[in-house]
Amino acid sequence: MIDTTLPLTDIHRHLDGNIRPQTILELGRQYNISLPAQSLETLIPHVQVIANEPDLVSFLTKLDWGVKVLASLDACRRVAFENIEDAARNGLHYVELRFSPGYMAMAHQLPVAGVVEAVIDGVREGCRTFGVQAKLIGIMSRTFGEAACQQELEAFLAHRDQITALDLAGDELGFPGSLFLSHFNRARDAGWHITVHAGEAAGPESIWQAIRELGAERIGHGVKAIEDRALMDFLAEQQIGIESCLTSNIQTSTVAELAAHPLKTFLEHGIRASINTDDPGVQGVDIIHEYTVAAPAAGLSREQIRQAQINGLEMAFLNAEEKRALREKVAAK
């Protein structure tokens, strides 16, 4: 179901949600961190979703063990490098990795700006080694409040040329986007693109707010847009993309089953929607699974899956020349 003549992208992929279970085990041993299990087989149920979680916040706790072993900036650099290696193994030509440095720094009080620098270094080295093209999206973790997000923003601004976009993720219901207007004003002043997690836990009003007040060019998840016809019209007309994450939305109980996922409806409505993983390490899936298993189960036809693949590049935070070069590179293979 993947068109090998087109670039394969993953533009909604959390770096800190893709820490290998084996790496968690190794870093735990290296830094003498007590883990809930001592073998890979027994650790996996603690760090991967085995059964669907009741809600988004419960799902997010599965990420915690991955960041608890980030006891040094070298560990952060390692997982960034491995994220690029994983992208290469998955056959991705282009990936946008998003990460929350405050979340990654929290367990061991690492310097937030140092985490940003370590991630940049690890990704740069990975791209050089594996030939994958990547850009970084900075996440502000709304769950930790406005001041913590301000600290993350300052760390990103210190490396503004290596950051492509700003995102807001975490507890959408408890910390609405309206709390972060000044943060996004500064992001736009820095010349960054804007993508926002919205319409995952909260309703369509959260998506409207992300677009109108935060300046979102893309929406992460956005499943609740299905409840507002005017919003779907607006998304299609303005070419505001929806970064769909099929398996993730089932695992967080945002959508009851794949057959009920709105991605097919979004594509039929002319919305620029793409297929992405979200937190592949925690979910136990990869982009190939999303295209070949999840998308057909969500009712997408072969042509709709191809359109979603095209949309992934069209939505990417690349300029027209970068997109053209990537298309030509893949077509020439």
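Using N, Cα and C of the backbone, Cβ positions are placed for all residues, glycine too.
If you check Swiss-Prot, you get these features:
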ACT_SITE  GLU200  active site, proton donor
BINDING   HIS12, HIS14, HIS197, ASP278  Zn(2+) binding site
BINDING   HIS14, ASP16, GLY170, ASP279  substrate binding site
SITE      HIS221  site 'Important for catalytic activity'
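Here the C-alpha separation of ASP16 (substrate binding site) and ASP278 (Zn(2+) binding site) works out to 10 Å. Listed in sequence order, the residues ARG13, GLY17, ARG98, ALA169, GLY220, HIS221, GLU243, CYS245, SER248, ASN276, ASP279 complete the 8 Å Cβ shell around the Zn(2+) site centroid, once HIS12, HIS14, HIS197, ASP278 themselves are left out.
In terms of Cα distance, the recorded positions that sit within 10 Å of GLY170 (substrate binding site) are HIS197, chosen from HIS14, HIS197, HIS221. Residues within less than 8 Å, Cβ to Cβ, of HIS197 (Zn(2+) binding site) and separated from it by at least 6 positions along the same chain comprise ASP167, LEU168, ALA169, GLY170, GLU172, ILE219, GLY220, HIS221.
GLU200 (active site, proton donor) sits 12 Å from ASP278 (Zn(2+) binding site), taking the Cα positions as reference. The residue listed as 'active site, proton donor' carries neither a helix nor a strand DSSP state and counts as coil. Listed in chain order, the residues near the substrate site other than HIS14, ASP16, GLY170, ASP279 are LEU15, GLY17, LEU60, LEU63, ARG98, PHE99, SER100, TYR103, ILE139, ALA169, ASP278, each with its Cβ within 8 Å of the site Cβ centroid. Around ASP278 (Zn(2+) binding site), the same-chain residues at least 6 positions away in sequence with a Cβ under 8 Å from its Cβ are HIS12, ARG13, HIS14, GLY17, CYS245, THR247, SER248. DSSP classifies HIS221 (site 'Important for catalytic activity') as strand under the three-state reduction.
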